[in-house]
Amino acid sequence: MAGSTASSVRSKVKAKGVQDSGRTNSPSEDVANLHQLEAQHGILGIVLLLFCGTVSSYLCTYLPEALTAADLDRHPTAFIAERAWDNLQVLNDFGPKPTGSRANELGAADYIRREIEKAKTTAHAAQLLETAHQTISGAYPIAFLGNPLTSVYRNAQNLVVRLAGRSEDGERAALMLNCHYDTVASSPGASDDGGSCAVMLEILRVLSRAPERNRHSIVFLFNGAEETPLQAAHGFVSQHRWAGDVRAFLNLESAGSGGKEQLFQAGPQHPWLIEAYGRAVRHPAAQTVSEEIFQSGIIPSDTDFRIFRDFGHVPGMDFAHTINGYRYHTRFDTIDYLTLPVLQRTGDNILALTRELANGEELGRVGSDPNLAEGYSVFFDVLGLFFVSYSASTGQIVNVMLAVLSLAVPLMELCRQVRRVGERSVLNQTLVGLLGTVCGTAASVGVVLLVANRLDAVGRAMSWFSTPYLILGLYGCPVILMHWFAHRLCSHWFSNNKSPLNLTQTVRARLIGVNLFWTLLIIPLTLANIRSAYIIAVIVLLSLLSTILTSVLGYQGQPRRWLALHLAFQIPTLLWATKFYHLLVKLFVPITGRMGAGSNPEYLIALLVACFGLLCVSYLVPLVGLLKGTSELTARMTVFAMIAFLLGCCTQVGFPYRDESNGEPSVQRHYVTHTLQVAHRDGAVVSEGAGFLFREMDRNAVRVIRGVAKPAEAVPMRQMETCRTMLFCGVPFYSIWHQIRFNNYWMEGFSPAIEKHTLPTFELVRVHQNSSSVRQYSFEIVHRHQTCVQSALIIAPKPGVQLVDWSLMDTVPGTIEFNGERAHFVLITYGLADEAPWTVTFAFEYDPEHLPDGAGAKLFDVSWVNTYWEHGDKHTDEFRKLIDQFPEWAHVIPSVAVVNITAH
């Protein structure tokens, strides 16, 4: 802004404008008012931002005190975290429990079954508690990243409990609670999802001991195959006799290790569920924006919610812990990193919600009343203190009304002060405020993307991974500076010393320009049915309330009081905005460690900071016009950014990963598969190879992979020699996500140690010519040994041949594409071992006249892949040495695979 001379000129012009407009403020009052503020007062805005960010961070992680067994006498019907902790300790001590492993199929399943029987024996006489042990086999089509997959499961287990309700003789409506006790390989799964199963066991104990039945039945589903993915849930909804009674469900999940359980998706539609949540839950943590982010597909995870929704056609709510996602699916997901208050908070909320739903009338009506199923909700908690929800249609009206009022009210109020002589100036300065906000937003996005690009280019990507505070310096300071510069430049370019507005009125007009910016954003978002526009609506509402209170209190002509009131309303604004910053940073920073190397994670974090930085500073930056000068504040912000850049690029502070020595492990993930490749022709082996397949899980992984592989070379997967001779390069295909989306690397090596008698077999037993153009092949699959092994079938019809029918299920999904080849992909998971062979058939249609070898022509290639996940005692010395070469801050998930490729 201008210096003291210009300020004096502006004061005189302003005084004349005041006389002309009939105002009573004296020139001397303005000379002494806010445009005399010293530059260091600008630091107060930064301090206010940091203070509010600290408070919101605390509220985001605050947990209630846990109850112990000593509290039972005072709270006989309450959730007791200590009892759930005892269950979790046992589940944790089983170690990794992938489906098919002895730890899962025999250990964890048997323990949960015994705990259920204990609950049955201690249940109140008024209660009826039924149990069922379900062993299921089935198949269903599902797609990931738009690629179709046939998911097959054999002898997976579900442990199911039904607590009968009062309405047994009439309506058979039930609420279902679901958790999974299986884990991924190499992870004990204390949070994902042992903690949820422990919570459900305690809820079962509490409800079964109540002297009165609930109105509706409650089904507890402890499923043993979720990570496979999502298979046991399908077995329940498609085959269990109680599945037809389920009218709603609560799915308990985890994508982190501790913190609050977030309600991150609900419905679809069925707004009564959100209303029940609002009535029942004591410690709310729920955001519509979480639902829209998760359902966009940007997060590399899925839950049983999808199965219950798509195959069971049942509405429900999905909960997950998201704090400390660094430990998710690693060896550090143990009870050592959880606390009793985590279980207490989750248990309090889920128990209260279960009681609300199981005793409400909606559960009995939802099957017959279509009105209950209609409409989406906008929902959010306010700093975890209270919960707000309303219909999406109401949200659209509210958003538009707030947008209009946030412009109309302050414009009318300010124009009334300067009527006849200043209206045009108010409009001009409003446009200056809009331009400053637009330019600041564009500049901040451009600068942080440039910083993100340069950090990646110099090999310092993810320097904030273990130290998220670096984000504030690397990206937060540039965002603030760009908004600062934009408003200063716009003020300079469009300054008018002849304006009838005094300096305070000028700043207030520019703040109306900020309202205009948000209006131009919130209305299109609302029209596009993006419910997350509520985030902006709350900020606009606070700005509107500030304007109304200014008018009611008569602070229009008292600049210091107006500023104090404006800053007072910035406190809830900053608390609101920084809450979302913390929520999304704590979610996405760990996710960047498992989203592959195909995209620069710096861009994601940079854009996140630019967006929420705008929310934080949009109503603060225009106040820079009230300061004498800003060079000192600009210099300090620049120094903070440079310090963060130096820490991130030149010191160990910016090293992305940490081992457990500091108590906060944040590891780099590596999947390494020791692979045997065998190609067959007419029953004979024609080629054989072996090596190691590495998955590139994050942006920095390839450097570690190449370092571990030395002196050998790690070759990109699609450049393998076998890509010219084997179907799908001969790689152990088991995951669309890992093999198609991620970059993989191959290193030649010796053959793995395989106990061939433990391998699931896939043998041709019969070929039948159904017609002149359809040939049917029958195979037998046998899995006799209780081992953690997963099979995959990759079936690639020859040109002119089509797979038209099979015995896996009624439909044949489309093909996936890899390395220029198309094939049907079938993933097979085994639970309990079974001596009996399983026969599968495939029917291929073709034109006999176009077959090159006539009736004896091969119709398809098939790759039969078997991957052992818990096979550590069978690793070769070479494999062990390779694993040992990874640094301490790496989490390695080793596996052994055999790939057999044959033409039929």
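Here the Cβ of each residue, glycine as well, is placed from N, Cα and C on the backbone.
Given the structure is predicted, the values throughout are model-derived calculations rather than measurements.
The compositional bias 'Polar residues' annotation in TrEMBL covers 1-10.
Annotation source TrEMBL lists domain 'Endoplasmic reticulum metallopeptidase 1-like C-terminal' at 665-900.
As annotated by TrEMBL, region 'Disordered' applies to 1-29.
Feature annotation from TrEMBL assigns transmembrane segment to 382-409 (among others). Sequence-distant contacts of the transmembrane segment (382-409), counting only residues of its own chain at least 6 positions beyond either end whose CB sits under 8 Å from a CB of the stretch, comprise 56, 59-60, 62, 260, 271, 274-275, 277-278, 281, 283-286, 375-376, 512, 515-516, 518-519, 522-523, 525-526, 529, 531, 533-534, 537, 540-541, 543-544, 547-548, 575-576, 579.
Sequence annotations record features per position, and here TrEMBL assigns transmembrane segment to 430-452 (among others). Long-range Cβ contacts of the transmembrane segment (430-452) within its own chain (Cβ-Cβ under 8 Å, at least 6 residues beyond either end) map to 411, 474-475, 478-479, 482-487, 489-491, 494, 509-514, 516-517, 600, 602-603, 605-607, 609-610, 613-614, 618, 621-622, 645.
Summarising the annotation, TrEMBL assigns transmembrane segment to 464-486 (among others).
Residues or ranges marked as transmembrane segment by TrEMBL: 507-527 (among others).
Per TrEMBL, the feature transmembrane segment maps to 533-555 (among others).
Residues of the same chain lying 6 or more positions beyond the ends of the transmembrane segment (562-583) and with a Cβ under 8 Å from any Cβ of it are 34, 48-49, 52-53, 55-57, 59-60, 287, 289-290, 382-383, 504, 508, 511, 535, 538-539, 542-543, 545-546, 549-550, 553, 555-556, 608-609, 612, 615-616, 619-620, 623, 626. The transmembrane segment annotation in TrEMBL covers 562-583 (among others).
As annotated by TrEMBL, transmembrane segment applies to 603-627 (among others).
The transmembrane segment annotation in TrEMBL covers 639-657 (among others).
Comparing 464-486, 507-527, 603-627, 639-657 for CB pairs under 8 angstroms to the transmembrane segment (533-555), the maximum falls on 507-527. For the transmembrane segment (464-486), the list of distant contacts is 46, 326, 436-437, 439-441, 443-444, 447-448, 451-452, 455, 585-586, 589, 592-593, 605-606, 609-610, 613-614, 617-618, 621, 624, 630, 633-634, 637-638, 640-641, 643-645, 647-648, 653-658, 664, 666: same-chain residues at least six beyond its ends, Cβ to Cβ under 8 Å.
Sequence-distant contacts of the transmembrane segment (603-627), counting only residues of its own chain at least 6 positions beyond either end whose CB sits under 8 Å from a CB of the stretch, comprise 1, 34-35, 37-39, 41-42, 45, 48-49, 433, 436-437, 440-441, 444-445, 448-449, 451-453, 464, 471, 475-476, 479-480, 483-484, 487-488, 491, 503-504, 506-507, 510-511, 513-514, 517-518, 535-536, 539, 543, 563, 566, 570, 573-574, 576-578, 580-581, 584-585, 588-589, 592, 633.
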